[in-house]
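Colleague: Pulled these from TrEMBL:
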TRANSMEM  A:26-45  transmembrane segment
TRANSMEM  A:51-71  transmembrane segment
TRANSMEM  A:92-112  transmembrane segment
TRANSMEM  A:118-139  transmembrane segment
TRANSMEM  A:146-168  transmembrane segment
TRANSMEM  A:174-194  transmembrane segment
TRANSMEM  A:220-237  transmembrane segment
TRANSMEM  A:243-263  transmembrane segment
TRANSMEM  A:284-307  transmembrane segment
Amino acid sequence: MSDTSFDSQTREASFGDYFALLKPRVMSLVVFTALVGLLVAPGSVHPVEGFAAILFIALGGGASGALNMWWDADIDRIMKRTQSRPIPSGKVGAEEALALGLALSGISVIMLALASNIVAGALLAFTIFFYVVIYSMWLKRSTPQNIVIGGAAGAFPPMIGWAVATGGVSIESIMMFALVFFWTPPHFWALALFMKSDYSEAKVPMLTVTHGRKVTRQQIFGYTLLLAGLAIGTGFTSLGGPVYWAAAVVLNLLFIKGAWTILRRDEEVAEADNYAAEKSFFKLSLLYLFLHFGAILADAVLMRMGVTFGGLL
Amino acid sequence: MTFRPDHELHKRRKGRNIGVGLVLVGFVALVFLLTVVKVERGGSLQGFDHTQRIDMVPQGSNK
């Protein structure tokens, strides 16, 4: 074999290229929310089983990321934000991404069911199906509500974590699902307002393109109010404790204030200060989700340590 | 005796092989640990057919 033949194969992927197919940044949110769901659930899970469960939930999330990149390779080539992904940049073949996604889906679902229980495995299988088939294949290119319904895929992990510990679904896991589900639209639409993205070139019907930026601002405010109601409602379940209540009241007031500011601005004002309010709302949204789940975890830890609200005071 | 330096392709392939190898070793270790935990928590199960052993079941139990 000559050096020339090597040169023709230099597109062979590295380990990191395959890892990038799994969308590691999305995986971090999956791991965090699933871990909180697992840790706050009643009942105990052996640390090894818990570790394995989180690992396989993350792997399932990564598998759906690879399958999403396989399906969306054509539009990823068009949009600047996604052009450096492994498939459009030519590092990994589309069929390789499909094979990796399918293999990891099967491994993660079966291993999660074996390591924990059938309910958790079935929920993970449905999450992958929802993200790949319902969101990527059906909704993403057909409706501006793609982000809203597709957000369910990102909302399942805490529910799966809860199912790992309990073997079922309860009002608490549904509330954690709802928190992520209703958080997704304001989070993404705030990003869409200040990211001059090329969704229209890729023919992806983002709300900012199909209904305009004014409607997007109204929708952000509407979903923020819904989210605030749900976040406060969560406080009335067993997830609510002093830390959660303090965090939820402060964060939701700040979030509503941010959404109200966005609602009252028009494009001229926003462009004049380079979308400062939209950017700060987006940053707050990241903190919002992290602190809500962090507070749920903190209350569960305090309760297990025997620290009660009365005891704190 | 001289060796030609590795082609970039070889380096990448080596890195990928090591990565896959480590993942496989980690997976085997995890399955082994899971098996140990599951067996330890199996309680009064007969090892080879996964049925309860009568002499291990506490007296007075219906099962």
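Using the three backbone atoms N, Cα and C, a Cβ is placed for every residue, glycine included.
Walk me through the surroundings of each of these features.
Modeller: Within its own chain, the transmembrane segment (A:51-71) has Cβ neighbours under 8 Å at 21-24, 26-27, 30-31, 34-35, 38, 45, 85-87, 94, 97-98, 100-105, 107-109, 111-112, 115-116, 120, 124, 127-128, 131-132, 135-137, 153, 157, 160-161, 164, counting only residues six or more beyond its boundaries.
The list of residues near the transmembrane segment (A:118-139) in space but at least 6 beyond its ends in sequence, with Cβ under 8 angstroms from a Cβ of it, reads 53, 56-57, 60-61, 63-64, 67-68, 71-72, 101, 105, 108-110, 112, 145-146, 149-150, 152-153, 156-157, 159-160, 163-164, 167-169.
Long-range Cβ contacts of the transmembrane segment (A:220-237) within its own chain (Cβ-Cβ under 8 Å, at least 6 residues beyond either end) map to 148, 171-172, 175-176, 178-179, 182-183, 185-186, 189-190, 244-245, 248-249, 251-252, 255-256, 258-260, 262-263, 281, 292, 296.
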Colleague: Would you call the transmembrane segment (A:284-307) and the transmembrane segment (A:26-45) in contact, using three or more Cβ pairs under 8 Å, pairs 6 or more apart in sequence?
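Modeller: Contact criterion met.
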